Ligand code: GLN
C-alpha cells in the first residue's frame, strides 16, 4: 500500500477484496502523519483512537459485504466542520476549546457510510486568507517545497492529501479556499454549486459564498465524496432541491465547447503559468474539444465586489463571538469590556481587518456607496456567466496567477494576497461549480511546483465538471501530484 499514490477507488477495491483491512489502511495513514506532519503541520489534532475504532466498525461492514463507497476511507476534515463532541476551532484562538454539540450534515452523511476521520486540519482563521498563514496555530508548509505556503484557506486539508497523510479531505470554499490550495499542492479540489452541499454545521465565514467541498488525488475521488455529501437539507435554508441539477445531456457525436475569457487572463499572470494553461487547452483541443474565446465583461470588478461582500458578511457572522455564547471569554468589569477584550485577544489581524471593513461598508452612511453597489455588480457577474453558458459547456481559466509563494512573502501586504484570488472569487459570487485539476508545473528556485487548471460549469452542472475534468487529467502534460519532496 503506497499512501502517496493510493486513490479512493484503489482503496475501495482492495478493501472489498480483503487485501488489507480498513484498520490497516487507517494505521498506514496514522503512521504517515507521525512521520511527515512534523515538517508540514497539516493537522491541528489527530484523532488516533477514534479513527481506529471507526476503522474497526468499517471492517465489520466490509466483512458482511455491506460496504458503501466511502466505508473505511480515511479522511481529513477542515477545522470548521462540526463533528459532535470534538473541537472545531476554525483556526482561531477564540474557539480554541469549543466542542461541537452536533454533526454537520456533511459529516452525518459520511458517518452513514462509515468513513474514518483522521483529524482536523489547519486553516486561515475563519477561512479568511489565501495561504494558511492566518491560522492562530502557525502556518502549514507546502509538501512540494516547505519554504512555501500550501495555499489557503484549506491549506491543511490540501497538504495532508498531497503528502499522503489522508486519502482525501473535506474543505470549504468561500472565494477559492478549496481550489487554490489544491492547485498549490498538486491535488484535485471541487467547489460544488452553491446550495448543493448543506452548510449546516459549517462555521460560517460569508454565508452567501461559503460551500463545503472535496479534495482528493483524482477527479473520480472528489466526485465520490461529493456524491456522498450532496443533497437537499431542510436545516439549510439555501439548500437546493435535486431538480436544479443539470448535466451535459446526450453527448453522442457532439463537440463540447470550452470558453476561455482571454481578455481576463493576461493581467498579472506569470508567463510560465499562462504557458502551462495554454498547453493543457491545446491538449484538450487535440482531444476533440472546441476552444472558443468568450467575453465576461464584469469579471474585472469581481475582486472589488468580493472584498466588499465577504467582509460585510464576515462582520455580521462573527458578531456572535462575544465572549458570552461561545468559546473564549475574557473577564472584565462590565459587559461591553467583556465583548471588547474577548474579541481583541481572540481574533487575529486579518479577521479584525475584515470586521472593520465589513462594518464600514454596511454602515448607514456608506452602505449605498459600497455594499449595495457591490450587490448590484454581483448580479452583473452572475448574468455574465449565465449568458456565457448559453454558448459554451464549460469555462476554463488558470486557478492562480502565481504558483505557491514563499511563507511571509505576501503576509504583510493584504492587497497582494487578495489579488492572487482573481480567478477563483468570481465563481463564488456567481454560485456556480468549479474544479481545480493539477495540470503541469513551473520551476521556482530549482523546485517543480504544481499548476492548477480551473473548469467552471453552469449552475447545477457539477456532473459536467467530472466528465470534462477526467479529460483534463488525461490531457495534463506533467502530473506532479505524486511526487512531493516531503
Ligand atoms: N482568499 C479568499 C479570502 O480571503 C477566499 C477564502 C475562502 O475561500 N475561504 O476571502
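From the backbone N, Cα and C atoms, a Cβ is placed for every residue, glycine too.
Note that the coordinates shown come from a computational prediction; the quantities given were computed from them, not determined experimentally.
As stated in TrEMBL, the feature region 'Disordered' covers range 134-155 out of the listed 112-133, 134-155, 156-177. Distance from the CA of residue 78 (active site, charge relay system) to the CA of residue 177 (active site, acyl-ester intermediate) is 11 Å. DSSP assigns residue 78 (active site, charge relay system) to a strand in the three-state reduction. Here the Cβ of residue 78 (active site, charge relay system) has 32 other Cβ atoms within 10 Å, regardless of which shown protein chain they belong to. Residues of the region 'Disordered' (134-155) grouped by DSSP class, helix first, strand second and coil last, total 1 helix, 3 strand, 18 coil.
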